[in-house]
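Colleague: Quick paste of what TrEMBL says about this protein:
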type     : residues                                                : note
ACT_SITE : 220                                                     : active site, proton acceptor
BINDING  : 51, 52, 53, 54, 55, 56, 57, 77, 137, 160, 161, 162, 271 : NAD(+) binding site
BINDING  : 124, 130, 162, 196                                      : substrate binding site
DOMAIN   : 46-188                                                  : domain 'Lactate/malate dehydrogenase N-terminal'
DOMAIN   : 190-354                                                 : domain 'Lactate/malate dehydrogenase C-terminal'
Ligand SMILES: NC(=O)c1ccc[n+]([C@@H]2O[C@H](COP(=O)([O-])OP(=O)(O)OC[C@H]3O[C@@H](n4cnc5c(N)ncnc54)[C@H](O)[C@@H]3O)[C@@H](O)[C@H]2O)c1
Ligand SMILES: O=C(O)C[C@H](O)C(=O)O
(Lines of atoms letter the chains of each structure in order from A; the text may use other names.)
(Lines give C-alpha, C1' and ligand atoms only; values in the text may rest on other atoms or scores of the structure.)
(Ligands and ions follow the chains in the order given, each with its own letter.)
Protein backbone atom coordinates (compact mmCIF):
# COMPACT_ATOMS: atom_id res chain seq x y z
CA UNK A 1 0.00 0.00 0.00
CA UNK A 2 1.27 3.52 -0.83
CA UNK A 3 1.95 5.69 2.22
CA UNK A 4 -0.73 8.37 2.67
CA UNK A 5 1.11 11.63 1.98
CA UNK A 6 -1.54 13.50 3.91
CA UNK A 7 -1.25 11.37 7.03
CA UNK A 8 0.05 13.52 9.90
CA UNK A 9 3.28 11.51 10.08
CA UNK A 10 4.06 12.33 6.48
CA UNK A 11 2.91 15.93 6.28
CA UNK A 12 6.06 17.67 7.42
CA UNK A 13 8.19 15.37 5.29
CA UNK A 14 6.11 16.33 2.29
CA UNK A 15 6.44 20.00 3.18
CA UNK A 16 10.20 19.61 3.52
CA UNK A 17 10.35 17.90 0.15
CA UNK A 18 9.08 21.10 -1.42
CA UNK A 19 12.13 22.99 -0.23
CA UNK A 20 14.02 24.34 -3.17
CA UNK A 21 16.66 21.75 -4.04
CA UNK A 22 18.71 24.42 -5.82
CA UNK A 23 19.37 26.45 -2.74
CA UNK A 24 22.89 26.72 -1.52
CA UNK A 25 23.62 25.74 2.02
CA UNK A 26 22.94 28.62 4.34
CA UNK A 27 20.61 30.27 1.87
CA UNK A 28 17.80 27.91 2.76
CA UNK A 29 16.34 29.90 5.59
CA UNK A 30 16.70 33.15 3.72
CA UNK A 31 15.20 31.88 0.51
CA UNK A 32 12.68 29.52 2.05
CA UNK A 33 10.30 28.75 -0.79
CA UNK A 34 6.59 28.45 -0.42
CA UNK A 35 5.31 25.02 0.31
CA UNK A 36 1.80 24.08 -0.54
CA UNK A 37 -0.70 21.34 -0.14
CA UNK A 38 -1.31 21.11 -3.89
CA UNK A 39 -0.43 17.75 -5.37
CA UNK A 40 2.46 17.82 -7.81
CA UNK A 41 1.50 18.44 -11.43
CA UNK A 42 -1.30 20.89 -10.64
CA UNK A 43 -2.53 22.40 -13.91
CA UNK A 44 -1.12 25.77 -14.77
CA UNK A 45 1.93 27.49 -16.16
CA UNK A 46 5.39 28.00 -14.73
CA UNK A 47 6.30 31.67 -14.77
CA UNK A 48 9.60 33.35 -13.92
CA UNK A 49 10.02 37.05 -13.15
CA UNK A 50 13.59 38.34 -13.59
CA UNK A 51 14.10 41.55 -11.62
CA UNK A 52 11.38 40.45 -9.19
CA UNK A 53 12.61 42.56 -6.25
CA UNK A 54 12.38 45.86 -8.14
CA UNK A 55 9.80 48.60 -8.34
CA UNK A 56 7.92 46.77 -11.09
CA UNK A 57 9.01 43.29 -10.05
CA UNK A 58 7.39 43.32 -6.61
CA UNK A 59 3.84 44.36 -7.53
CA UNK A 60 4.08 42.26 -10.70
CA UNK A 61 5.04 39.24 -8.60
CA UNK A 62 2.03 39.90 -6.39
CA UNK A 63 -0.30 40.13 -9.38
CA UNK A 64 1.08 36.97 -10.99
CA UNK A 65 0.71 35.13 -7.66
CA UNK A 66 -2.99 36.07 -7.89
CA UNK A 67 -3.30 34.66 -11.43
CA UNK A 68 -5.07 31.27 -11.32
CA UNK A 69 -3.29 30.19 -14.52
CA UNK A 70 0.07 30.24 -12.72
CA UNK A 71 1.02 27.07 -10.84
CA UNK A 72 4.67 27.87 -10.14
CA UNK A 73 6.15 31.36 -9.77
CA UNK A 74 9.93 31.80 -9.73
CA UNK A 75 11.21 35.15 -8.43
CA UNK A 76 14.77 35.99 -9.50
CA UNK A 77 16.85 39.07 -8.77
CA UNK A 78 20.39 39.97 -7.78
CA UNK A 79 19.12 41.45 -4.48
CA UNK A 80 16.33 41.02 -1.93
CA UNK A 81 14.50 37.99 -3.30
CA UNK A 82 14.45 36.24 0.10
CA UNK A 83 12.18 38.87 1.61
CA UNK A 84 9.98 39.32 -1.43
CA UNK A 85 9.58 35.55 -1.78
CA UNK A 86 8.77 34.97 1.89
CA UNK A 87 6.24 37.81 1.80
CA UNK A 88 4.43 36.84 -1.41
CA UNK A 89 4.50 33.14 -0.61
CA UNK A 90 2.12 33.74 2.32
CA UNK A 91 -0.70 34.76 -0.04
CA UNK A 92 -3.34 32.02 -0.03
CA UNK A 93 -3.50 31.57 -3.79
CA UNK A 94 -2.48 28.37 -5.50
CA UNK A 95 0.81 29.27 -7.21
CA UNK A 96 3.89 27.87 -5.49
CA UNK A 97 6.51 30.64 -5.11
CA UNK A 98 10.25 30.03 -5.10
CA UNK A 99 13.00 32.62 -4.75
CA UNK A 100 16.36 32.72 -6.52
CA UNK A 101 19.18 35.11 -5.69
CA UNK A 102 22.16 36.04 -7.81
CA UNK A 103 23.73 34.73 -11.01
CA UNK A 104 24.52 31.28 -9.56
CA UNK A 105 20.80 30.65 -9.22
CA UNK A 106 19.71 32.06 -12.59
CA UNK A 107 19.66 28.68 -14.32
CA UNK A 108 17.61 27.12 -11.54
CA UNK A 109 15.17 30.02 -11.73
CA UNK A 110 14.69 29.50 -15.46
CA UNK A 111 14.70 25.74 -15.91
CA UNK A 112 11.30 24.45 -17.01
CA UNK A 113 9.62 27.85 -17.30
CA UNK A 114 6.77 28.45 -19.77
CA UNK A 115 6.73 32.25 -19.53
CA UNK A 116 9.61 34.54 -18.55
CA UNK A 117 8.81 38.16 -17.72
CA UNK A 118 11.82 40.52 -17.59
CA UNK A 119 11.58 43.85 -15.75
CA UNK A 120 15.28 43.79 -14.68
CA UNK A 121 17.36 46.89 -15.14
CA UNK A 122 17.79 50.55 -14.27
CA UNK A 123 14.87 52.99 -14.51
CA UNK A 124 15.11 56.59 -15.74
CA UNK A 125 15.66 59.70 -13.65
CA UNK A 126 14.39 63.17 -14.68
CA UNK A 127 16.24 64.51 -17.72
CA UNK A 128 17.14 61.06 -19.08
CA UNK A 129 15.82 59.39 -22.22
CA UNK A 130 15.13 55.66 -22.27
CA UNK A 131 18.13 55.31 -24.58
CA UNK A 132 20.32 56.71 -21.77
CA UNK A 133 19.65 53.37 -20.01
CA UNK A 134 21.16 51.40 -22.89
CA UNK A 135 24.70 51.12 -21.50
CA UNK A 136 23.56 49.49 -18.24
CA UNK A 137 20.50 47.55 -19.36
CA UNK A 138 21.79 46.08 -22.63
CA UNK A 139 24.25 43.87 -20.75
CA UNK A 140 21.66 42.84 -18.15
CA UNK A 141 19.19 41.80 -20.86
CA UNK A 142 21.89 39.93 -22.78
CA UNK A 143 22.92 37.92 -19.70
CA UNK A 144 19.34 37.07 -18.76
CA UNK A 145 18.43 36.06 -22.31
CA UNK A 146 21.51 33.84 -22.50
CA UNK A 147 20.02 32.11 -19.45
CA UNK A 148 16.66 31.73 -21.20
CA UNK A 149 18.39 30.21 -24.25
CA UNK A 150 20.24 27.73 -22.01
CA UNK A 151 17.48 26.72 -19.65
CA UNK A 152 14.03 27.32 -21.19
CA UNK A 153 14.52 27.95 -24.92
CA UNK A 154 10.84 27.26 -25.63
CA UNK A 155 9.54 29.77 -23.09
CA UNK A 156 7.66 32.84 -24.21
CA UNK A 157 9.53 35.99 -23.17
CA UNK A 158 7.82 39.25 -22.19
CA UNK A 159 10.53 41.92 -22.22
CA UNK A 160 9.94 45.10 -20.19
CA UNK A 161 13.47 46.44 -19.58
CA UNK A 162 14.21 49.74 -21.33
CA UNK A 163 15.04 50.84 -23.91
CA UNK A 164 12.55 48.28 -25.25
CA UNK A 165 13.14 49.49 -28.82
CA UNK A 166 16.73 48.15 -28.48
CA UNK A 167 16.44 45.42 -25.82
CA UNK A 168 14.06 43.32 -27.95
CA UNK A 169 16.56 43.29 -30.89
CA UNK A 170 19.30 42.44 -28.34
CA UNK A 171 17.28 39.47 -27.09
CA UNK A 172 16.64 38.32 -30.66
CA UNK A 173 20.37 38.41 -31.48
CA UNK A 174 21.21 36.49 -28.30
CA UNK A 175 18.66 33.80 -29.19
CA UNK A 176 19.94 33.67 -32.80
CA UNK A 177 23.48 33.13 -31.59
CA UNK A 178 22.28 30.35 -29.30
CA UNK A 179 20.27 28.77 -32.15
CA UNK A 180 17.02 29.06 -30.20
CA UNK A 181 15.40 32.10 -31.83
CA UNK A 182 11.71 31.86 -32.59
CA UNK A 183 10.35 35.36 -33.30
CA UNK A 184 6.87 34.35 -32.17
CA UNK A 185 8.13 33.79 -28.63
CA UNK A 186 9.79 37.18 -28.09
CA UNK A 187 7.38 39.98 -27.18
CA UNK A 188 8.32 43.50 -26.11
CA UNK A 189 5.80 44.80 -23.60
CA UNK A 190 4.15 48.04 -24.79
CA UNK A 191 0.89 47.47 -22.91
CA UNK A 192 1.49 50.48 -20.66
CA UNK A 193 1.18 52.74 -23.71
CA UNK A 194 -2.20 51.18 -24.49
CA UNK A 195 -3.29 51.37 -20.84
CA UNK A 196 -2.38 55.08 -20.76
CA UNK A 197 -4.01 55.75 -24.12
CA UNK A 198 -7.25 54.09 -22.99
CA UNK A 199 -7.22 56.15 -19.78
CA UNK A 200 -6.48 59.52 -21.40
CA UNK A 201 -8.93 58.99 -24.27
CA UNK A 202 -11.64 57.91 -21.83
CA UNK A 203 -11.05 61.11 -19.83
CA UNK A 204 -11.56 63.22 -22.96
CA UNK A 205 -14.65 61.26 -24.02
CA UNK A 206 -16.05 61.16 -20.48
CA UNK A 207 -16.49 57.35 -20.52
CA UNK A 208 -15.22 54.36 -18.56
CA UNK A 209 -11.63 53.49 -19.67
CA UNK A 210 -12.57 49.81 -19.62
CA UNK A 211 -14.89 50.47 -22.55
CA UNK A 212 -12.15 52.11 -24.66
CA UNK A 213 -9.53 50.41 -26.82
CA UNK A 214 -6.76 52.43 -28.49
CA UNK A 215 -4.21 50.69 -30.74
CA UNK A 216 -0.73 52.05 -30.04
CA UNK A 217 1.89 51.07 -32.63
CA UNK A 218 5.56 51.73 -33.44
CA UNK A 219 7.75 51.33 -30.37
CA UNK A 220 8.14 52.38 -26.75
CA UNK A 221 9.93 55.74 -26.58
CA UNK A 222 8.87 59.30 -27.41
CA UNK A 223 7.76 59.75 -31.00
CA UNK A 224 7.98 56.00 -31.65
CA UNK A 225 4.86 55.64 -29.46
CA UNK A 226 2.14 56.18 -32.05
CA UNK A 227 -1.48 56.04 -30.86
CA UNK A 228 -3.92 55.44 -33.71
CA UNK A 229 -6.75 57.67 -32.55
CA UNK A 230 -8.57 57.21 -35.85
CA UNK A 231 -9.01 53.53 -34.90
CA UNK A 232 -10.30 53.96 -31.34
CA UNK A 233 -13.14 51.68 -30.34
CA UNK A 234 -15.89 52.56 -29.82
CA UNK A 235 -15.51 54.72 -32.97
CA UNK A 236 -14.94 58.30 -31.79
CA UNK A 237 -14.02 61.57 -33.42
CA UNK A 238 -11.63 64.09 -31.93
CA UNK A 239 -10.85 67.71 -32.74
CA UNK A 240 -7.36 68.48 -34.03
CA UNK A 241 -6.58 70.04 -30.62
CA UNK A 242 -7.67 66.85 -28.87
CA UNK A 243 -5.57 64.71 -31.20
CA UNK A 244 -2.48 66.83 -30.51
CA UNK A 245 -3.11 66.84 -26.74
CA UNK A 246 -3.76 63.08 -26.57
CA UNK A 247 -0.83 62.10 -28.80
CA UNK A 248 1.55 64.26 -26.80
CA UNK A 249 0.27 62.98 -23.43
CA UNK A 250 0.44 59.32 -24.50
CA UNK A 251 3.95 59.74 -25.96
CA UNK A 252 5.16 61.45 -22.79
CA UNK A 253 3.25 59.41 -20.19
CA UNK A 254 6.47 57.80 -18.98
CA UNK A 255 8.20 61.16 -18.59
CA UNK A 256 5.15 62.53 -16.72
CA UNK A 257 5.66 59.78 -14.10
CA UNK A 258 9.47 60.12 -14.03
CA UNK A 259 9.14 63.85 -13.31
CA UNK A 260 6.42 63.36 -10.70
CA UNK A 261 8.60 60.76 -8.93
CA UNK A 262 11.41 63.36 -8.96
CA UNK A 263 14.38 61.01 -9.01
CA UNK A 264 12.94 57.97 -7.23
CA UNK A 265 12.24 56.01 -10.44
CA UNK A 266 9.74 55.61 -13.23
CA UNK A 267 6.34 53.98 -13.59
CA UNK A 268 6.18 50.83 -11.47
CA UNK A 269 2.59 50.29 -10.33
CA UNK A 270 0.83 51.04 -13.60
CA UNK A 271 3.58 49.05 -15.35
CA UNK A 272 3.04 46.06 -13.07
CA UNK A 273 -0.68 46.31 -13.86
CA UNK A 274 0.07 46.47 -17.59
CA UNK A 275 2.59 43.61 -17.48
CA UNK A 276 0.17 41.44 -15.49
CA UNK A 277 -2.54 42.18 -18.05
CA UNK A 278 -0.23 41.28 -20.94
CA UNK A 279 1.17 38.21 -19.13
CA UNK A 280 -2.37 37.01 -18.45
CA UNK A 281 -3.26 37.47 -22.15
CA UNK A 282 -0.21 35.38 -23.11
CA UNK A 283 -1.13 32.63 -20.62
CA UNK A 284 -4.76 32.50 -21.78
CA UNK A 285 -3.57 32.24 -25.37
CA UNK A 286 -1.04 29.54 -24.41
CA UNK A 287 -3.93 27.62 -22.83
CA UNK A 288 -5.77 27.75 -26.17
CA UNK A 289 -8.17 30.66 -25.75
CA UNK A 290 -8.88 32.06 -29.21
CA UNK A 291 -9.18 35.65 -30.42
CA UNK A 292 -6.75 37.34 -28.04
CA UNK A 293 -5.27 40.45 -29.64
CA UNK A 294 -2.80 42.76 -27.87
CA UNK A 295 -0.33 45.40 -29.05
CA UNK A 296 3.29 44.29 -28.68
CA UNK A 297 6.73 45.14 -30.06
CA UNK A 298 7.73 42.09 -32.09
CA UNK A 299 9.63 40.91 -35.16
CA UNK A 300 7.44 42.23 -37.91
CA UNK A 301 6.88 42.73 -41.62
CA UNK A 302 4.23 45.39 -41.11
CA UNK A 303 6.80 48.04 -42.12
CA UNK A 304 10.28 47.76 -43.64
CA UNK A 305 11.75 47.65 -40.10
CA UNK A 306 12.60 44.26 -38.57
CA UNK A 307 10.77 45.11 -35.31
CA UNK A 308 7.60 47.09 -34.84
CA UNK A 309 4.78 47.31 -32.31
CA UNK A 310 1.31 46.63 -33.62
CA UNK A 311 -1.72 44.51 -32.88
CA UNK A 312 -0.72 40.87 -32.52
CA UNK A 313 -2.94 37.81 -32.33
CA UNK A 314 -1.63 35.68 -29.48
CA UNK A 315 -1.76 31.89 -29.57
CA UNK A 316 -0.25 28.81 -27.98
CA UNK A 317 3.14 29.64 -29.51
CA UNK A 318 3.18 33.38 -28.73
CA UNK A 319 2.72 36.01 -31.47
CA UNK A 320 0.87 33.84 -33.98
CA UNK A 321 -0.14 36.63 -36.35
CA UNK A 322 0.94 40.24 -36.75
CA UNK A 323 -2.07 42.27 -37.83
CA UNK A 324 -1.78 45.07 -40.41
CA UNK A 325 -1.80 48.70 -39.31
CA UNK A 326 -5.11 49.48 -40.99
CA UNK A 327 -5.92 52.82 -42.61
CA UNK A 328 -4.00 55.79 -41.18
CA UNK A 329 -4.95 59.45 -41.51
CA UNK A 330 -2.47 62.18 -42.55
CA UNK A 331 -1.49 63.01 -38.97
CA UNK A 332 -0.76 59.35 -38.22
CA UNK A 333 1.15 58.86 -41.49
CA UNK A 334 3.44 61.77 -40.58
CA UNK A 335 3.86 60.30 -37.08
CA UNK A 336 4.69 56.92 -38.57
CA UNK A 337 7.59 58.36 -40.59
CA UNK A 338 9.06 60.03 -37.48
CA UNK A 339 8.61 56.83 -35.49
CA UNK A 340 10.33 54.67 -38.12
CA UNK A 341 13.36 56.98 -38.32
CA UNK A 342 14.03 56.78 -34.57
CA UNK A 343 13.14 53.10 -34.32
CA UNK A 344 15.54 52.16 -37.08
CA UNK A 345 18.48 53.64 -35.15
CA UNK A 346 17.44 51.98 -31.87
CA UNK A 347 17.10 48.60 -33.58
CA UNK A 348 20.52 48.86 -35.24
CA UNK A 349 22.07 49.87 -31.92
CA UNK A 350 20.66 46.76 -30.24
CA UNK A 351 21.79 44.42 -33.02
CA UNK A 352 25.28 45.96 -33.07
CA UNK A 353 25.63 45.57 -29.30
CA UNK A 354 25.44 41.78 -29.52
CA UNK A 355 27.49 41.45 -32.70
CA UNK A 356 30.26 43.92 -31.93
N1 LIG B 1 8.24 48.53 -21.04
C2 LIG B 1 7.69 49.46 -20.30
O3 LIG B 1 6.61 49.96 -20.60
C4 LIG B 1 8.36 49.91 -19.03
C5 LIG B 1 7.63 50.63 -18.08
C6 LIG B 1 8.25 50.99 -16.91
C7 LIG B 1 9.59 50.67 -16.68
N8 LIG B 1 10.27 49.97 -17.63
C9 LIG B 1 11.67 49.59 -17.40
O10 LIG B 1 11.69 48.45 -16.53
C11 LIG B 1 12.97 48.40 -15.88
C12 LIG B 1 12.81 48.20 -14.39
O13 LIG B 1 12.17 49.30 -13.81
P14 LIG B 1 11.95 49.36 -12.20
O15 LIG B 1 11.24 50.62 -11.92
O16 LIG B 1 11.37 48.08 -11.74
O17 LIG B 1 13.46 49.46 -11.71
P18 LIG B 1 14.04 49.06 -10.27
O19 LIG B 1 15.42 49.61 -10.18
O20 LIG B 1 13.07 49.41 -9.20
O21 LIG B 1 14.09 47.47 -10.34
C22 LIG B 1 14.94 46.80 -11.22
C23 LIG B 1 15.34 45.49 -10.60
O24 LIG B 1 16.20 44.83 -11.51
C25 LIG B 1 17.17 44.16 -10.72
N26 LIG B 1 18.34 43.81 -11.51
C27 LIG B 1 19.39 44.57 -11.89
N28 LIG B 1 20.28 43.83 -12.55
C29 LIG B 1 19.77 42.57 -12.62
C30 LIG B 1 20.23 41.35 -13.18
N31 LIG B 1 21.39 41.27 -13.81
N32 LIG B 1 19.45 40.27 -13.03
C33 LIG B 1 18.26 40.33 -12.39
N34 LIG B 1 17.79 41.47 -11.84
C35 LIG B 1 18.54 42.56 -11.95
C36 LIG B 1 17.50 45.14 -9.61
O37 LIG B 1 18.15 44.50 -8.53
C38 LIG B 1 16.12 45.66 -9.27
O39 LIG B 1 15.52 44.89 -8.25
C40 LIG B 1 13.68 49.71 -16.25
O41 LIG B 1 14.56 49.49 -17.30
C42 LIG B 1 12.53 50.60 -16.72
O43 LIG B 1 12.96 51.61 -17.58
C44 LIG B 1 9.68 49.59 -18.78
O1 LIG C 1 9.34 56.21 -18.90
C2 LIG C 1 10.08 55.34 -18.49
O3 LIG C 1 11.30 55.49 -18.42
C4 LIG C 1 9.50 54.04 -18.01
C5 LIG C 1 8.54 53.43 -18.98
O6 LIG C 1 9.11 53.20 -20.22
C7 LIG C 1 7.25 54.16 -19.07
O8 LIG C 1 6.75 54.35 -20.18
O9 LIG C 1 6.70 54.55 -18.03
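Note: Cβ is positioned from N, Cα and C throughout, glycine not excepted.
Note: TrEMBL annotation is automatic and uncurated.
How buried are these features, and what lies next to them?
Modeller: If you take the C-beta of residue 220 (active site, proton acceptor) and look for same-chain residues 6 or more apart in sequence within under 8 angstroms, you find 130, 162, 163, 164, 165, 188, 190, 193, 297, 309. Annotation note: residue 220 (active site, proton acceptor) sits in a coil segment as assigned by DSSP.
DSSP assigns residue 53 (NAD(+) binding site) to coil, not to a helix or a strand.
A helical conformation is recorded for residue 130 (substrate binding site) in the three-state DSSP classification.
Looking at the domain 'Lactate/malate dehydrogenase N-terminal' (46-188) alone, the prediction's average pLDDT is 98.
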Colleague: Within a 10 Å radius of its Cβ, which of these binding-site residues (51, 55, 57) has the fewest neighbouring Cβ atoms?
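Modeller: Taking 51, 55, 57 as the binding-site residues, the minimal 10 Å Cβ count falls on 55.
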Colleague: Let's see if you can do this one: DSSP helix, strand and coil counts over the domain 'Lactate/malate dehydrogenase N-terminal' (46-188), in that order.
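Modeller: In the domain 'Lactate/malate dehydrogenase N-terminal' (46-188), the DSSP-based counts are 66 helix, 30 strand, 47 coil.
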Colleague: Would you mind checking how many other C-beta atoms are within 10 angstroms of the C-beta on residue 137 (NAD(+) binding site)?
Modeller: 22
Colleague: Around the substrate site recorded as 124, 130, 162, 196, what other same-chain residues have a C-beta within 8 angstroms of the site's C-beta center?
Modeller: 123, 163, 164, 220, 221, 254, 255, 258, 266, 267
Colleague: Distance between residue 196 (substrate binding site) and residue 137 (NAD(+) binding site) at the Cα atoms, whole Å?
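Modeller: Cα to Cα, residue 196 (substrate binding site) and residue 137 (NAD(+) binding site) are separated by 24 Å.
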Colleague: Long-range same-chain neighbours of residue 53 (NAD(+) binding site), Cβ under 8 Å, sequence gap at least 6?
Modeller: 75, 77, 79, 80, 81, 83, 84
